[in-house]
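A.B. asks: The structure that follows is given in the form of structure tokens.
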Amino acid sequence: MDALKVQILPDNQSSPSSTHMLTKPKSKKATKSIAMLIVASLAITLGLLFVFSSNSVMFSASFLRRSSLHYSVIIDAGSSGTRIHVFGYWFESGKPVFDFGEEHYASLKLSPGLSSYADNPEGASVSVTKLVEFAKGRIPKGKLKKSDIRLMATAGMRLLDVPVQEQILDVTRRVLRSSGFKFQDEWATVISGTDEGIYAWVVANHALGSLGGDPLKTTGIVELGGASAQVTFVPSEHVPPEFSRTISYGNVSYTIYSHSFLDFGQDAAEDKLLESLQNSVADSTGDGIVEDPCTPKGYIYDTHSQKDSSGFLSEESKFKASLQVQAAGDFTKCRSATLAMLQEGKENCACKHCSIGSTFTPNIQGSFLATENFFHTSKFFGLGEKEWLSEMILAGKRFCGEEWPKLKEKYPTTKDKYLHRYCFSSAYIISMLHDSLGVALDDERIKYASKAGKENIPLDWALGAFILNTDTPTSDYNAHDEKNLTVHAIYIYLQGFDIVEVVLGNTEMSNHHTVVYVNGLVRPVLAEAEYSMRTESPADNAIDIYDGDTTENEEEDPLISSAECRICQDECDIKNLESPCACNGSLKYAHRKCVQRWCNEKGNTICEICHQPYQAGYTSPPPPPQSEETTIDIGGGWRISGLDLDDPRLLAIAEAERQILESEYDDYTASDTSGAAFFRSAALILMTLLLLRHALTIPDYSDSEDDDPSSILSLFLLRAASFLLPCYIMASAISILHRRRQRQEAADLATRFALVLSSRQPRPVINYLSMEP
């Protein structure tokens with residue numbers, strides 16, 4: 001039982017207005033409550049940090065990045081098809097982080113290319129719309145408006161007249177404006193071949209980890225597309241300004257040679273060679289038959305398309321295509337014919353060195369990656385990584401010299417329109433790399449590849465365009481994104497701390513006391529200052545309680561014209577109010593009639609606040625007669641007797657009541673402990689299993705066509721558990737603290753009742769009848 005300090009009159013007889021000050025010092029229960037508050041706060045903090053901290057070991061990086069993930073979309077409008085790329089990225093320390101794995105990258109290609117809609121520009125909207133819908137399925141709806149989408153057309157569109165280009169682009173812009181993505185009209189454009197080469201160079205060096213490093217240690221790129229070929233690298237010699245481009249990445253600047261050889265892509269070059277053969281009198285027998293050394297023997301041409309599957313033949317060439325073409329299948333002659341085509345116009349070279357036509361090309365140096373059709377042809381022949389150019393010659397000779405029916409049997413899964421081109425492709429690659437650019441056949445510094453780096457990043461120029469566009473200062477990045485989760489965690493923690501503190505409601509945590517009136521109703525009064533004990537004064541013949549922070553006449557009268565009566569609380573002119581006692585502040589003033597009425601009610605002229613007598617003029621009624629016991633003889637057989645407050649039986653009853661309250665609470669908590677422990681353990685085990693599952697495998701919703709219901713449910717339960725666990729801990733702590741408070745209040749009530757009984761006060765209503773023997 002906690003000790004209580006009680007102020008009573010010296011004769012141990014309390015008058016009806018006797019006031020008792022109950023002050024409860026800090027007890028072990030209060031200490032336990034504070035400890036519970038600290039434990040609950042720590043639990044909330046740990047739970048929230050567990051959920052929101054980006055450094056949590058249990059959470060995989062991909063789960064934490066989902067909420068802060070940014071998206072970007074690029075449409076590559078090539079000559080043979082249109083491919084859309086969907087990128088997901090995030091920021092760390094203000095710098096973009098790229099991940100071209102399956103989780104944050106997706107692509108889709110549709111054929112034909114946009115350039116095939118030259119006669120029907122409106123038809124371009126169909127393929128673009130399908131690609132946009134594909135991107136929408138990979139990006140959360142809430143982030144579409146913040147995700148930029150760009151369309152970049154390449155060589156196929158560059159071959160068209162400018163008015164036709166704009167007609168097709170206007171159609172695509174209309175689709176992109178209504179797509180819901182972030183889009184501007186200038187983001188749909190035809191890029192130059194130089195830009196295309198630079199973008200490919202950027203993604204290659206990013207994949208190899210050399211981007212942002214020494215320029216001379218970077219890797220060059222040589223691409224063989226359908227309509228054009230690009231050569232891009234950092235040369236050591238001086239390059240004319242019209243052939244160079246300076247870009248910056250990080251703190252490093254690169255002066256790059258980049259040139260796109262239009263009409264020298266694989267498809268365009270093959271059609272151009274056919275046109276050259278048709279115009280050559282030497283290759284004609286005079287009877288309208290044209291020999292084609294770049295096609296295997298026995299191949300039958302389609303007289304309707306006449307090999308113009310790429311759409312690069314001129315109208316005049318299409319007319320000449322009506323001539324009969326005969327497949328010769330000779331690798332050596334094909335190599336010579338393609339080399340003559342590559343060297344055409346070299347006599348007009350205005351620079352010291354021209355490798356292809358009349359275009360300046362620096363001496364090839366350093367490492368190179370040969371991509372696109374260089375890779376596809378090498379992969380088709382199964383060439384090794386070393387000395388693959390030498391192997392290409394042997395493979396090309398075997399393929400070109402093979403009869404077409406045998407080739408079809410050997411490669412049954414390859415379509416005819418692609419299969420017959422490998423003869424031309426093998427000879428053309430040797431003519432370009434070795435005969436024109438001067439790459440040695442055994443040079444191991446040049447390798448064919450479609451991916452690079454430890455992460456096997458695709459060597460697609462669109463990825464390089466995405467990297468450069470994202471690395472610019474105009475990128476959609478908020479420097480505060482990395483702090484948002486921490487700010488939310490701190491805010492929620494503070495809110496939870498306040499809730500626990502309010503529910504706890506410990507009186508020992510505040511500077512308030514409770515004044516209890518023993519006779520009559522118990523009326524709580526909040527005192528304004530800390531009270532302490534004063535030594536008994538013989539003149540007062542009582543023990544006074546005074547305000548230790550207040551002394552008489554310490555404050556001057558406030559410079560105000562009106563004040564509030566401390567009893568009736570009506571505001572009145574200060575001239576109509578009095579200062580009946582030594583109280584100060586808001587308790588200084590009162591109406592005289594109110595004070596007198598209060599004196600009549602409580603039966604004395606002593607202030608219950610400062611415990612000083614009121615000023616002269618206030619009176620109190622005489623105290624009623626009091627007696628310990630009154631006996632009334634009614635008929636000689638009955639008597640009414642007062643209650644003996646010293647009866648040990650009554651004290652035992654009060655103590656028993658308190659013990660009953662404690663035992664009932666203990667029984668309740670004991671019965672509730674097992675169930676609470678079970679559900680708590682189940683919740684913890686469930687969350688642990690979900691976290692382990694999530695750490696091992698993350699559902700890939702960005703690339704899968706059909707969502708796995710079990711994976712979606714697992715991710716939903718994980719998120720719910722990570723949010724509900726801290727809430728459960730906080731609610732449990734609040735519930736425990738609330739029950740402890742109820743128990744404490746019940747004990748205090750029993751203590752006060754026992755105190756009343758032990759003070760031997762007469763209770764005017766509590767009497768009992770007893771039968772005399």
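Quick reminder: no glycine exception, Cβ is built from N, Cα and C everywhere.
The feature region 'Disordered' is assigned by TrEMBL to 1-26. Positions annotated as compositional bias 'Polar residues' by TrEMBL: 10-21. Here TrEMBL flags 34-59, 716-737 as transmembrane segment. As annotated by TrEMBL, active site, proton acceptor applies to Glu196. The ATP binding site feature in TrEMBL is assigned to Gly226, Ala227, Ser228, Ala229, Gln230. Look at TrEMBL and you will find 557-617 tagged as domain 'RING-CH-type'.
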A.B. asks: Distance check, please: Cα of Gly226 (ATP binding site) against Cα of the residue listed as 'active site, proton acceptor', rounded to an integer number of angstrom.
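C.D. replies: Rounded to the nearest whole number, the Cα-Cα distance is 13 Å.
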A.B. asks: Do you know offhand how many angstrom separate Ala227 (ATP binding site) and Glu196 (active site, proton acceptor) by C-alpha?
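C.D. replies: With distance taken Cα to Cα, Glu196 (active site, proton acceptor) is 12 Å from Ala227 (ATP binding site).
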A.B. asks: With an 8 Å cut-off on Cβ-Cβ distance and a minimum sequence separation of at least 6, pull the same-chain contacts of Gln230 (ATP binding site), or say none.
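C.D. replies: Result: Gly193, Glu196, Gly197, Ala200, Ile221, Val222, Glu223, Ser258, His259, Ser260, Phe261.
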A.B. asks: With a radius of 8 angstroms around the mean position of the C-beta atoms of Gly226, Ala227, Ser228, Ala229, Gln230, what other residues of the same chain does the ATP site pick up?
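C.D. replies: So the extra residues in range turn out to be Ser79, Thr154, Ala155, Gly193, Glu223, Leu224, Gly225, Ser260, Phe261, Leu262, Phe264, Gly265, Gln266, Ala268.
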A.B. asks: Just to be sure I understand, if DSSP states are collapsed into helix, strand and coil, how many residues of the domain 'RING-CH-type' (557-617) fall in each?
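C.D. replies: Across the domain 'RING-CH-type' (557-617), the residues distribute as 17 helix, 10 strand, 34 coil.
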A.B. asks: Taking DSSP three-state, what's Glu196 (active site, proton acceptor) in: helix, strand or coil?
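C.D. replies: It is helical.
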A.B. asks: Counting across all protein chains shown, how many other Cβ atoms sit within 10 Å of the Cβ of Glu196 (active site, proton acceptor)?
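C.D. replies: There are 27 such Cβ atoms around Glu196 (active site, proton acceptor).
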A.B. asks: What count of other C-beta atoms do you get within 10 angstroms of the C-beta of Gly226 (ATP binding site), across all chains shown?
C.D. replies: 24
A.B. asks: Using all protein chains in view, find how many other C-beta atoms are within 10 Å of the C-beta of Ala227 (ATP binding site).
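C.D. replies: Neighbour count, Cβ to Cβ under the 10 Å cut-off: 30.
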A.B. asks: Which residues of the same chain, at least 6 positions away in sequence, have a Cβ lying under 8 Å from the Cβ of Ser228 (ATP binding site)?
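C.D. replies: Result: Thr154, Ala155, Arg158, Gly193, Glu196, Ser260, Phe261, Leu262, Asp263, Phe264, Gly265, Ala268.
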